[in-house]
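Data block below; observations after.
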Amino acid sequence: MEFESFLVSLGTSAVIFVVLMFLFTWLSRRPGNIPVYYPNRILKGMDPWEGSSLTRNPFAWIREAFTSTEQDVVKLSGVDTAVYFVFLSTVLGIFSLSALILLPTLLPLSATDNSLKNSRNATDTTSNGTFSQLDNLSMANITRKSSRLWAFLGAVYWISVVTYFMLWKAYKHVASLRAEALMSSEEVLPEQFAILVRDIPSPPNGETQKEFVDSYFRDIYPETFYRSLVVTENSKINKIWEDLEGYKKKLARAEAVFAATSNRPTNKTGMLGLVGEQVDSIEYYTKLINESVTKLEAEQRTVLAEKQQTAAVVFFTDRVTAALAAQSLHCQMVDKWTVTEAPEPRQLIWENLKIKFFSRIVRQYLIYFIVAITILFYMIPIAFVSAITTLENLQKTLPFLKPIVEIGFIKTILESYLPQIALIVFLAMLPKFLMFLSKSEGIPSQSHAVRATSGKYFYFSVLNVFIGVTLAGSLFQNLKALEKKPNSIITVLATSLPKNATFFLTYVALKFFVGYGLELSRIIPLIIFHLKKKYLCKTEAEVKEAWYPGDLSYATRVPSDMLILTITFCYSVIAPLILVFGVIYFGLGWLILRNQALKVYVPAYESYGRMWPHIHTRILAALFLFQLVMFGYLGVKLFVWATLLVPLIFISLLFGYVCRQKFYKGFEHTALEVACRELKTRPDLEEVFKAYIPHSLSTHKGDDHKFKGAMSRYQDYAAISAA
């Protein structure tokens, strides 16, 4: 990429961000847009502008984000969101401290050397074959065997030490944040009084599954066992319940139309309401509701009597016993009576609870194999796209585009954005597929599935970006050299990363300027909401469903951040300017998402920071990759002291091991010293039990008790209904 194209890309992205920011300031003050920009506060019964100021200052939201505390985030969006901001601030600290030393040290060393000018070696440039002005500020301009390489070696050590310090500090903080939330005496959390039991053996003759579970745990915990809820096979009854809820919505819609027009609405009874007999909608859906209620009650009796599964949720009278039971071995055979902490009621993936122990293991390895194969084959289209989306290759592949591409303005725009947009589109197609694979492992909870998906997406994106984009492009360019000297592949791979530094500078800029600009402005959700409200929504419930924001989508957001983290790490010494872009990305991310967390997004679950150990491990994985890359690149520079990086690589592994041994158990289980804190109010155990009853099996109304079955704090639609 030429320097002119790089500046055009950066400038255009910055202008787009500024426009979107001012658009957000204007749109968020319009009364009709309040549900799009303040849904979190609306659902919590707060005034949309509570704690805010209605000034004309377009930067007022920035002051509000900066002045908010961590407890404000916990109160409005939960512990998981607060932990996510710990991640952002930690990475921001790593890159800021690194830039503080590296920029004034490495940039002058690179700028005052003349390796590229003397050698004219296009294989060592950071701009993929173009002698850009940016090359002179990179490690590519350092002469081989130069004593200046000591500074770059020291920079690797500095970044690594800063990362160890920041990660250790963050791990301690998150651990205390989690413990503080779990020790809270203000709120009764149903999951703290329950455990999840799987792999229950067949009951003895004459006993039902529930009687067997009750007797087993009553014998072990005679004083603190309360009762059990045996998991049932609910596929048929869930379908009936979903149909019933659908009929209720359609009836409410028909009644709203009748109230507004005084004309009784009609519909056809056939497929999609397009064919069949024309009937009165209110009478038709009332009839279907009555029929569905009868079916539901009959199926409930059948399910409870005949469809009990080999899993259960077991309840205790105090939190300590539940925490103790969750981390105890209950049976000598590991594939019997498997016990873990119970997730929140809203998190349970009920259909996975019946999957047997060894079946889960087989599924897990099978999914790993499928993911590995998918990464391998997904690399082919990514490598192909990365190869053809350069202007030179695009003209060769599609010759008829040559006259258009040669127009100066179009050429600059295509060089600036085409490869980066192609990469973003390919990565955006993955999350749902990876979530499906994660749930297929037999994972019992939604938060666990999100963590698993996040891990797959991280390794997927990192491997495909670095192999499919960076290495594949270099391999194609050096194919003839590899045919002549197959042993040169290590050299080719070691020199491939520096060639794409400018590409990744542009990629990171596109992500933080355009990506966060769209995030802040919420243009797309705003347009969708107003279209639905005008043309589709007839009832208040439908309007509320149209503006419901969802959560922060950790399954995709965290891996995307991790990809930027990995890119910045790997190029921080090769092309130190990328540290500036990394600081801007995570700084803007902290600021904009702080605003969104306090005003927009509503958490779909609460795992009390269990994502952090996975985040920590992947930061270390990115650091490990960075150290390997620098070891290889210093070797390519013929710097014999590159071997001094070998101890650093082992220190990273040791640091990860020490952190896991010290902190991880506190995230895997609830410590007894945390669980032993007394609650201010005595828990209503029957309400705790009812919180876990599935919608389709609940025989009481949703408003009859404190937790509202799985419908209040455990279901999104309950939050909508309560608004």
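In case you wondered, yes, glycine gets a Cβ from its N, Cα and C as well.
All TrEMBL annotations are machine predictions without curation.
For reference, TrEMBL has these:
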DOMAIN    5-169  domain 'CSC1/OSCA1-like N-terminal transmembrane'
TRANSMEM  6-27  transmembrane segment
TRANSMEM  82-107  transmembrane segment
TRANSMEM  149-168  transmembrane segment
DOMAIN    192-352  domain 'CSC1/OSCA1-like cytosolic'
DOMAIN    363-633  domain 'CSC1/OSCA1-like 7TM region'
TRANSMEM  365-388  transmembrane segment
TRANSMEM  417-437  transmembrane segment
TRANSMEM  457-476  transmembrane segment
TRANSMEM  562-593  transmembrane segment
TRANSMEM  614-633  transmembrane segment
TRANSMEM  639-659  transmembrane segment
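Averaged across the domain 'CSC1/OSCA1-like 7TM region' (363-633), pLDDT for the predicted model comes to 80. Sequence-distant contacts of the transmembrane segment (149-168) (same chain, six or more residues past either end, CB-CB distance under 8 Å): 90, 93-94, 97-98, 101-102, 105-106, 109, 139, 142, 569, 572-573, 576, 616, 619-620, 623, 626-627, 630, 634, 637, 639, 641-642, 644-645, 648, 651-652, 655, 659. Counting C-beta pairs under 8 angstroms (sequence separation of 6 or more), the transmembrane segment (562-593) fails to reach the transmembrane segment (639-659), with fewer than 3 such pairs.
Tertiary proximity for the transmembrane segment (639-659) is limited to same-chain residues at least six positions away from its ends with a CB under 8 Å from its CB atoms, namely 144-146, 149-150, 153, 156-157, 160, 164, 167-168, 171, 616-617, 620, 623-624, 627-628, 630-631. Same-chain residues lying 6 or more positions outside the transmembrane segment (82-107) and placing a CB less than 8 Å from one of its CB atoms are 70, 73-74, 137, 139, 151-152, 155, 158-159, 162-163, 166-167, 169-170, 173-174, 177-178, 552, 554, 557-558, 561, 565, 568, 572-573, 576-577, 579-580, 582-583, 586-587, 589-590, 593-594, 597, 609, 611-612, 615, 619.
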